[in-house]
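K.L.:
Structure provided below as structure tokens; questions to follow.
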Amino acid sequence: MLVWLAEWLTPHLSFFHVVSYLTFRAIMSILTGLGFALWIGPRLIRRLQLLQIGQVVRNDGPESHFSKAGTPTMGGIMILLSIFLSVILWARLSNPYVWVVLFVLVSFGTIGFIDDYRKVIRKNPDGLIARWKYFWQSAAALVVAFFLYATATTDAQTVLVVPFFKDIMPQLGLLFILMTYFVIVGASNAVNLTDGLDGLAIMPTVMVAAGFALIAWATGNVNFANYLHIPYVANASELMVICTAIIGAGLGFLWFNTYPAQVFMGDVGSLALGAILGIIAVLVRQEFLLFIMGGVFVMETMSVILQVGSYKLRGQRIFRMAPIHHHYELKGWPEPRVIVRFWIITLVLVLLGLVTLKLR
């Protein structure tokens, strides 16, 4: 929105030309995202406490989690509002990719909100029935997938980029729709599974978003895209503003979510944030890099799949508890140690993912 205003004012006041620079808007997106979250946070927390919207703790979980019962949840609302407002302020709203990401934010945020509402307010421990949750996730993801496939104007928008191999970029064709669906829904649920400790999900989300901010900038810059042998996608650079909004809003949320947490993000936050990372990876054609940089999310998801599969097939559990962060808690690791070590792993994986852009 401010881009339009600045373009109108620039002929009269040249100072406003700075708003047209992507890097300036990306930095401002971080700052406003952070500012919105810090402003919304205390007000939202007080409101959640007033309405007695508190976390329900599993009886079979680690004993250290019993003290978390009643902590305000659905704090993801502050993250999504902060991202949305920052994007509306600083992104070029004429860019279709901006609206695709905002659609994902709103649709998956709504699914998560309904799930939290049923759990916390309606006192239904199962929340939104699993099949209906996956149905609406699938519906939203498929709408996006079909839209992107139908509106693709260049081959670069539907190729599969394979890390380490600069000459292997097969055209996906209709498989693009299927892959987009799995990436969005998979990422959404992976972040949701990771959100089990104070700050555990949000900081890896911030780090991965930072990595994709750089990738989006390079993908939308024809010179850097050619230099790195990655597809040039004309509209992709604007995604940098969205990624930096995630960084700012995420850090603002972490201010209240750090151990011991004053608020939890709930499904309204985790489902939406995962889906946003998924759609950004699709738009910049770096789905495999999401798999690498979001390795902690993958590890958490695989631990659940392996645990359930092993129990059904052999009647035995592999881990003391899944997702795997609970396994380490039950081994005696203090919660902050689990959190920080998972953060360190994510930092290493994000750097590794960025390095793969050059090692081709």
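The backbone N, Cα and C atoms fix where each Cβ goes, glycine too.
For reference, Swiss-Prot lists these features for the protein:
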- 21-41: transmembrane segment (TRANSMEM)
- 71-91: transmembrane segment (TRANSMEM)
- 94-114: transmembrane segment (TRANSMEM)
- 142-162: transmembrane segment (TRANSMEM)
- 168-188: transmembrane segment (TRANSMEM)
- 199-219: transmembrane segment (TRANSMEM)
- 236-256: transmembrane segment (TRANSMEM)
- 263-283: transmembrane segment (TRANSMEM)
- 288-308: transmembrane segment (TRANSMEM)
- 338-358: transmembrane segment (TRANSMEM)
K.L.:
Cβ pairs under 8 Å only, please: of the recorded stretches 21-41, 142-162, 199-219, 338-358, which one is richest in them relative to the transmembrane segment (236-256)?
P.N.:
21-41
K.L.:
Of the stretches 168-188, 199-219, 288-308, which racks up the most C-beta pairs under 8 Å with the transmembrane segment (142-162)?
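P.N.:
Out of the listed stretches, 168-188 contacts the transmembrane segment (142-162) most.
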K.L.:
Is the transmembrane segment (94-114) close to the transmembrane segment (199-219), in the sense of at least 3 CB pairs under 8 angstroms with a sequence gap of 6 or more?
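P.N.:
No, the transmembrane segment (199-219) does not contact the transmembrane segment (94-114).
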K.L.:
For the transmembrane segment (71-91), I need the partner stretch with the highest count of C-beta pairs below 8 angstroms, choosing only from 21-41, 263-283, 288-308, 338-358.
P.N.:
263-283
